[in-house]
């Protein structure tokens, strides 16, 4: 069919009294046939342009059949095509003709590559909303049936994602057929199909009438949650959240909880992990009474699970779980049932478990209040600040603001300092980088006196770190500290140390001085910049290293707007003119650019 289609297109494109305006479109169409995958991909991405040129009728009668007949290509080309067709409604004549897009998308929904099928289903879901109820029954619903009863599992998996978009807008007879097709897929012989059905179970339940949720969905949910494949069972857990929100409270205990209890104790750790991961959502869905009676013991078991991945997922939910407990019994439940488990996790053998806990444990202080925090939580925080794992210490430090609100930071300061120092000097530069980013927060919480006494020297040490990313972050850190503590503090504490690095024998450290001046000038203001920083920059224009000299030119351009006009003319201009005549081409370039930007010519 290639040649027939091509002849039609070329006849239309190249005709019309020698009109050349459509020639580029002919080229794009030709690229659809090209052996080069990249050219075909480029043409597919410009498919809307081809369709606009052809017009809606020729797009429907020629382009779409051509695309449908030639869906045998590289996956990336098919993926682009599936995405394009989801936006083609107006290009085929609007909602009245949107069903013309179904044949190519149906073919794409059956291909072997999962990402292509998923994109085709996404586009089908999108255009389903543009079908009228009549067209939905005449054109879309038969497509869903064909996919659902296809010989290949690929089509049946795609069908699972389409039931929910057509069900609400079809007749009761068709609804019954759709429910039956979905039931069939939930018990399909192929695990991949059952997985797809389980993943869409909750979504399908949301569009069903309540009676059918109880009669159909619950039995399917129970069956999928007992499937021989753990990959199916864990997806049923996800559906449990949606199903629980749809049912009246009185039905939850009998219809949902037996299956949920079974999942929380499943022999597969992956299923238990999914329960732990979805625990907060499950808790909200089932309500306070069931939470107290059933979910508290289940959560305890997950926190004590034999698999570290499950314990880590549960530990990550500790704060959320405690926040969502019924207010009248929250403190009792936490102190009696949850805190003992948390204490065990603080010294867990797995660092991922400890790290997950450290990222949320500080939040318990706002829930339990000052007295409980000091008596029960503070020893746990201090133990984690001394943990051998850097991520644990880092997660505690990054959440200090929670404790600061409740008990004040002084309670932690003595244990905090050694942990900060260790992290600041950690062999992994990413750990050092992370602690730098938290330094302004710590500074604000600890206060200027504590900072000057204990942490100032660390901040200066980072400026000469052997990793550039650390030096860069340390420079930004100084700016944030000046914004927090003020220009006067900067003048007395930071600026003299930064300017002292201008005489460092290592040219990289001398350049760091310039980077710091660039960052600090605006925060420190005109007086400090002109009186203290500018003379150092000007002096460095005589540096032996060309990299330093061209950074002087860049610095003068950066701090120029902060300076007064007299300083610019009498001090900055002569130095830039000297640098503009430098032997090094880069120095000359940046000096001339600075002169131009500052309008000193």
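Positions of Cβ are set from backbone N, Cα and C atoms, glycine also.
Database features (TrEMBL):
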- 24-62: repeat 'HEAT' (REPEAT)
- 101-282: domain 'Phosphatase 2A Regulatory Subunit A helical' (DOMAIN)
- 178-216: repeat 'HEAT' (REPEAT)
- 217-255: repeat 'HEAT' (REPEAT)
- 256-294: repeat 'HEAT' (REPEAT)
- 295-332: repeat 'HEAT' (REPEAT)
- 338-376: repeat 'HEAT' (REPEAT)
- 377-415: repeat 'HEAT' (REPEAT)
- 416-454: repeat 'HEAT' (REPEAT)
- 494-532: repeat 'HEAT' (REPEAT)
- 533-571: repeat 'HEAT' (REPEAT)
- 572-601: repeat 'HEAT' (REPEAT)
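Highest Cβ pair count under 8 Å relative to the repeat 'HEAT' (338-376), across stretches 295-332, 533-571, 572-601: 295-332. Among residues of the same chain six or more beyond the repeat 'HEAT' (416-454), those with a C-beta under 8 A of the stretch's C-beta atoms are 385-386, 390-391, 393-394, 396-398, 400-401, 404, 409, 461-462, 465, 467, 469-470, 473-474, 477, 480-481, 484-485, 489, 493. DSSP labels the residues of the repeat 'HEAT' (572-601) in these numbers: 22 helix, 0 strand, 8 coil. Across the repeat 'HEAT' (178-216), the DSSP tally of helix, strand and coil residues reads 33 helix, 0 strand, 6 coil.
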